[in-house]
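Feature list (source: TrEMBL):
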type	residues	note
DOMAIN	29-321	domain 'Plant heme peroxidase family profile'
DISULFID	C39-C117	disulfide bond
SITE	R66	site 'Transition state stabilizer'
ACT_SITE	H70	active site, proton acceptor
DISULFID	C72-C76	disulfide bond
DISULFID	C123-C317	disulfide bond
DISULFID	C198-C225	disulfide bond
Amino acid sequence: MADDQTRSSPRFILLFPVLALLFQAGCSDLQLNYYSKSCPKAEEIVKEEVMKLYEKHGNTAVSWVRNLFHDCMESCDASLLLETANGIVSEKTSQRSFGMRNFKYVNTIKQALETQCPMTVSCADIVALSAREGVVMLGGPHIAMKTGRRDARESHVAVINDFIPNHNDSMSLVLSRFQSIGIDAEGTVALLVGRVHCVNLVDRLYPNVDPTLNPNYSEYLKGRCQSPQPDPEAVIYARNDRETPMILDNMYYKNLLSHKGLLLVDQQLVSDPVTLPFVEKMASDNGYFHDQFSRALLLLSENNPLAGDQGEIRKDCRFVN
């Protein structure tokens, strides 16, 4: 997903048992209402701040969901938020983080929490809880998320390309990457919703239009992305869903069945026999989509977190203490 305000590989099969053990071990230290004694209003404060930011700055809700996706594909530890400083190279410098914005507002939420409960609520939990509230603001279901994550003291910039799928990856590779963190094909299909910067889709439009694209839709895309070499710094996005663009619903899947996938990986969801049945079911049943999205996002939010005495609680989400 991108914000409206900017508005099977043997390697992964071998990694799966190791990551599964990490996933299970980390999750055991998370719990519902973790801050009930140390900061009773923590989750309420996050909700209030997310709502205020949404009202003041337009749609920041999608940013919160995307933050969770990018942070938790490797480890839910707020490593994504670290700036380049003191020997740390920020994950934001990676091409996998292209187009992400609104990081500064995470610290707005953090400051509100620090006023109420100094050095208590982790930035990693802010990433998770703000994503939960963002989903609700986009018309999705409320997800009961566990908390108790702690913050990393290092960046994972050197390895995130191995975990976060690329828009040109094959569907089998995308599925294997999600499977390595415990998310099945059904959950993967539910998570692959959104819109993208023109940089990532012009190869389907120029010099020739991808014949798998719906002709009317390709004309819309060319209207949005008028150059085969778009400025990566410009705010030039195209939507998959023009009917209900800022609502988390199943329109994305209906569009895929009409050959209106933005990226190659989008259209592969329809052409791959493993994923097609889930696309068809989600297109016909919005409740089923919401159920699978909630399940997959919850699994993602509990992937390999730091907990217990690991890591730290950052005072400023941008820097280690």
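Using the three backbone atoms N, Cα and C, a Cβ is placed for every residue, glycine included.
Small disclaimer: the values here were computed from a predicted structure and weren't measured.
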Task: Express the predicted model's confidence over the domain 'Plant heme peroxidase family profile' (29-321) as a mean pLDDT, rounded to an integer.
output: 89
Task: Go through C72, C198, C317, our disulfide-bonded residues, and report the one whose Cβ sees the most other Cβ atoms within 10 Å.
output: C72
Message: What does the structure give for the C-alpha distance between C39 (disulfide bond) and C72 (disulfide bond)? Integer Å is fine.
response: 24
- prompt: Other than its own, how many Cβ atoms are within 10 Å of the Cβ belonging to C123 (disulfide bond)?
  reply: 30
Statement: C76 (disulfide bond) to C225 (disulfide bond), Cα to Cα, whole Å, comes out at 34
- request: Name the one residue among C117, C123, C198, C225, C317 whose Cα is closest in three-dimensional space to that of C72 (disulfide bond); these are the disulfide-bonded residues.
  value: C123
